[in-house]
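Engineer: Not my notes, these are from Swiss-Prot:
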| type | residues | note |
| --- | --- | --- |
| MOD_RES | K45 | N6-(pyridoxal phosphate)lysine |
| BINDING | N75, G179, T180, G181, G182, T183, S267 | pyridoxal 5'-phosphate binding site |
| REGION | 215-220 | region 'SAT1 binding' |
Amino acid sequence: MTKIYKTITELVGQTPIIKLNRLIPNEAADVYVKLEAFNPGSSVKDRIALSMIEAAEAEGLISPGDVIIEPTSGNTGIGLAWVGAAKGYRVIIVMPETMSLERRQIIQAYGAELVLTPGAEGMKGAIAKTETLAIELGAWMPMQFNNPANPSIHEKTTAQEILEAFKEISLDAFVSGVGTGGTLSGVSHVLKKASPETVIYAVEAEESAVLSGQEPGPHKIQGISAGFIPNTLDTKAYDQIIRVKSKDALETARLTGAKEGFLVGISSGAALYAAIEVAKQLGKGKHVLTILPDNGERYLSTELYDVPVIKTK
């Protein structure tokens with residue numbers, strides 16, 4: 001039955017989970033993906049954008065007309081931009097200049113202002129610039145890398161949706177990329193209590209494997225591996241770490257569109273590559289779930305879709 005909603009913010013969450021059919025080897029475990037692109041702003045970050053703003057409103061920190069400023073690699077900025085537009089805030093987004101053109105355009109299309117920082121400085125540079133501007137403008141910073149409303153919303157929504165979907169199916173592994181760590185931490189906190197047999201895998205870029213104790217470095221997987229360990233990441237929430245090379249993330253993302261029929265972003269390619277590796281290890285009869293954070297349309301100008309897709313036989 002079709003329902004009439006009072007505001008677009010009511011559409012956040014309850015994203016679908018589907019089983020992959022053509023990318024997975026015959027003898028591997030079944031792989032399921034949660035498509036966060038079905039959120040209004042087309043990414044998982046819509047959840048935390050709404051959660052952080054509403055938590056701040058409840059605490060009396062902000063009200064419509066105020067300025068919100070945030071450093072972000074893109075998707076959180078998009079989420080804050082559209083939620084801010086719907087609620088009546090002035091939104092300023094600060095991001096490294098290396099982020100995709102589409103992300104910049106979408107943020108500005110929602111009426112937000114955009115400030116770019118040198119790509120070589122990574123997220124640290126964007127954070128430093130944001131802190132300076134916040135003081136100058138008297139703006140409120142959600143601080144997604146520190147805000148407890150980030151992992152909390154995944155405990156309250158994402159994890160509950162997963163439990164509901166898998167109440168008749170054993171979930172043997174949960175795989176998640178780590179940007180702020182909010183998704184992985186929030187979901188893991190719930191799964192470890194409700195489904196302790198589920199193994200939790202954290203995914204990071206091979207070239208910037210900070211979780212594995214390596215030095216940060218440049219990589220191409222936009223949205224994960226920020227180069228430091230965020231406060232919103234519970235490092236006890238995962239059981240194992242999988243490091244994914246940028247080239248493998250790119251290739252897997254391309255194949256997902258060509259083989260499964262939906263376009264995904266680079267971090268989705270990384271998560272899916274890792275999930276398939278886990279599925280191969282577990283074997284037939286097991287079940288693996290991963291989160292696909294966004295869609296591929298905001299990466300059409302990047303090298304992700306700048307090469308012909310080669311279909312595997």
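A Cβ is built for glycine as well, from the same backbone N, Cα and C atoms used for every other residue.
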Engineer: Can you count the other CB atoms that lie within 10 A of the CB of T180 (pyridoxal 5'-phosphate binding site)?
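Structural biologist: Within a 10 Å radius of the Cβ of T180 (pyridoxal 5'-phosphate binding site) lie 27 other Cβ atoms.
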Engineer: Could you list the residues of the same chain, at least six apart in sequence, whose Cβ is under 8 A from the Cβ of G182 (pyridoxal 5'-phosphate binding site)?
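Structural biologist: Same-chain residues close to G182 (pyridoxal 5'-phosphate binding site) (Cβ under 8 Å, separated by 6 or more) are I48, Q144, N150, P151, I153, H154, T232, L233.
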Engineer: What are the non-local neighbours of N75 (pyridoxal 5'-phosphate binding site), defined as same-chain residues 6+ apart in sequence with CB under 8 A from its CB?
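Structural biologist: Once residues fewer than 6 apart are set aside, N75 (pyridoxal 5'-phosphate binding site) is near G41, S43, V44, K45, R103, G223, P293, D294.
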Engineer: What are the non-local neighbours of G181 (pyridoxal 5'-phosphate binding site), defined as same-chain residues 6+ apart in sequence with CB under 8 A from its CB?
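Structural biologist: In sequence order, the residues whose Cβ lies under 8 Å from that of G181 (pyridoxal 5'-phosphate binding site) (at least 6 apart) are P151, I229, P230, T232, L233, D234, A237.
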Engineer: Quick check: with N75, G179, T180, G181, G182, T183, S267 left out, which same-chain residues have Cβ atoms within 8 Å of the centroid of the pyridoxal 5'-phosphate site Cβ atoms?
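Structural biologist: Close Cβ neighbours, site residues excluded: V44, K45, G177, V178, L184, G223, I224, P293.
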Engineer: Using DSSP and collapsing to three states, where does S267 (pyridoxal 5'-phosphate binding site) fall: helix, strand or coil?
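Structural biologist: Looking at the DSSP assignment, S267 (pyridoxal 5'-phosphate binding site) belongs to a helix.
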Engineer: My understanding is the cutoff is Cβ-Cβ under 8 Å with a sequence separation of 6 or more in the same chain; which residues meet that for S267 (pyridoxal 5'-phosphate binding site)?
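Structural biologist: Long-range Cβ contacts: G177, G179, I221, Q222, G223, I224, A249, P293, D294.
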Engineer: Taking the Cβ of G179 (pyridoxal 5'-phosphate binding site) as the centre, count every other Cβ atom within 10 Å, in any protein chain shown.
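Structural biologist: Step by step: centre on the Cβ of G179 (pyridoxal 5'-phosphate binding site), count other Cβ atoms within 10 Å, giving 29.
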Engineer: I'd like the Cβ neighbour count for K45 (N6-(pyridoxal phosphate)lysine), meaning other Cβ atoms within 10 Å of its Cβ, all protein chains included.
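Structural biologist: For K45 (N6-(pyridoxal phosphate)lysine), the 10 Å Cβ neighbour count is 29.
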Engineer: Over the residue list N75, G179, T180, G181, G182, T183, S267, recorded for pyridoxal 5'-phosphate, what is the maximum interresidue Cα distance in Å?
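Structural biologist: The pyridoxal 5'-phosphate-binding residues span at most 15 Å between Cα atoms.
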